[in-house]
Structures are given as C-alpha cells and as structure tokens.
Amino acid sequence: MKELVTACLLSFPCPKECSCDRQAKVVDCQGQGLYDIPNELHPETLELYLQNNHIRGISSTAFREMPQLQVLNLANNSITMISPRALLELRGLRSLILANNSIRELNRRLLGSALNLTQLDLSYNNIAGLPGALADSFHHLTHLSLHYNRLTKLDRTHLEALETLEVLHLRGNPWKCDCQMIGLKLWLETFAFKGGVVDAVACTWPDAMQERDLRHVPYELFHRHPLHGPQPWPSPKAPTGPELGLSAGMPMQDCEAKQKPRAVSLRHAIATVVITGVVCGIVILMMLAAAIYGCTYAAVMAKYHRQLKKQQKQAGEEVEAGALGREEDKEPLENAIA
C-alpha cells in the first residue's frame, strides 16, 4: 500500500521552480522571478499560485492542460495582456486573482467560460471599463474586487445581474458623480439594505462632491451639475462601445436617472383592462344599489309621515266632534232647570 501511495505521488511532477503538495494537488510558484507560466504543470492541479513574479502575458495555451484547476493566483506580476482563450478550459475555476498588474482592458470572451467563479479580484490595475457582457457569465460570483482602477462610471444594470454577489470593493477609483451615477447610487443603497458589503465610493468630480461617498450625496445635488467635466486619467486604450464605464460617443444629455422603458406586455395589458372593467362594474352596481336603497327608504318614510299626519288629523277631528257633542247635551239640561 505504501508503495502504491509513493507511486501516485511520484506521478505528480512538480516544476523545479515551484514547491508542490502532491496530496492536495497544490502548486506554489510564487516569488520565483518567473517571466512565463511553467510548462511542467500536472493536469490534476487544483490550486496554482504564481503571484510575486514578472509574468507579462498569458497565452491561450497557458492553462490548457489543467482542466481541474479551481484556484489561480496571478497577483503582483506585470501582466498587460491576457489571451481571450486563456481560461477557455478552466470551467471549474472558483477563484481568479489578477490584482496588482498592468491590465488596461478585459476582453468580453476572457471570462465567458469561467461560469463557476465565486471570487474575482481585479484590483490595483488600470482598468477604465468592463465588458458589457461581464455579468452574463457570473451566476455564482460572491466577491468582486474592482478597487484602485480607473473606473469613472459603472452601469447598475450589470450589477443587478449579479444576484449572488455578497461583497463588492469599489474604493480608489476616480468616480465622476454626475446624474448618470444616480442609478449606481440606488443600486448600492439596495445592495447594502439586503446585507451586501460595499466599501466607499468617493467622488472625484465635481469639486463640490470631492471625497464624498456617493451613497451619502443628496439626490438634488446631482441635477445641479451638467453631464460634462474632466475625464480623470484618460487612457488611449480605454474600452468603447457597449461596456461599463466610459464609452465613446455616449450622448451627454442622457442621464441614468431616467428609468428604462419596460417592454409592453399585451397579456398584462388585457388583464389590466379586464380587472379594471370588473372593478368599475362592481363600483357601479354598488352605487346603483345605494341609490335604489336611498329612494326606497325616502318613499317609505314619506308614506309613513303622510299616514301619521292623516291619523293625527282624524284624531283631532274626533276630539272636536266629541267636544261639540258634550256642549249640545249640556244646553238642553240647563234650559230644563231654568
């Protein structure tokens, strides 16, 4: 048995620059002065630590032979380029750490295959915008770190798609707090109300809002500032098009405070009309019943009063007739005595 275990351990090769835990299938290559990803990595590797090296780029074949990889740490390198197909085979990846590199933009196809990510750390880079389809792939993401990048705006619609998100780090970005940020402000307030954890979103523009947390800025202040202003730290490689953050050609008069129109649902419209008709019909019937009751009650009371007056009149006439009869009977008696 011991020989079998030894044979299994020996079958897990370890690059000479790294240290390996063959039982846990963990490869640790941090701080080895590497410029490239080692080639002799075992296909059954579960965790790979490559932080604190000099790696500048990730090719499409870097992790092709490690389909079981769950944790990948590439923090504190000099990465400027990542192939869109670099993570294509890593469908079991849970944690991806790319903090403290020189990444300027992310291809929307890069993270498309990492469907099971729960932690994504992109902090301390030069990212000015995120792919518009970023959130479409993350159905299990719980921790997202975007702090200390070059983001000036963030579209709340993409954050709303991250239904499992628990922790969001956004501090240290040059946020431009015009009225287009109202949507993000609303989302942050709702996220915090539901128990989510988010750090400070400090405004850098306009001057009246500098260093103020976006969540604590009164809504009326957003409408006092036009939709223009300085673009902090402009980047020639900043992403354009349907992306989060800055986008070229964005109409400056549009403001995210306006709610996007919802698609018309004919079924809902018909149901609304039917319900409205039923309610109106019930109200009309109730009003008609009230009117009939009122008229009937008035007629009954009028008839009652007429009969009461008639009875009182008849009683009065009978009293008068009785009095006249007594007087007539009294007069013959007086004459007879006389």
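Positions of Cβ are set from backbone N, Cα and C atoms, glycine also.
Remember, TrEMBL labels are computer predictions, not curated facts.
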If you check TrEMBL, which stretch out of 227-254, 311-338 is marked region 'Disordered'?
311-338
Who are the long-range neighbours of the transmembrane segment (269-300) in its own chain, taking Cβ under 8 Å and residues 6 or more past its ends?
none
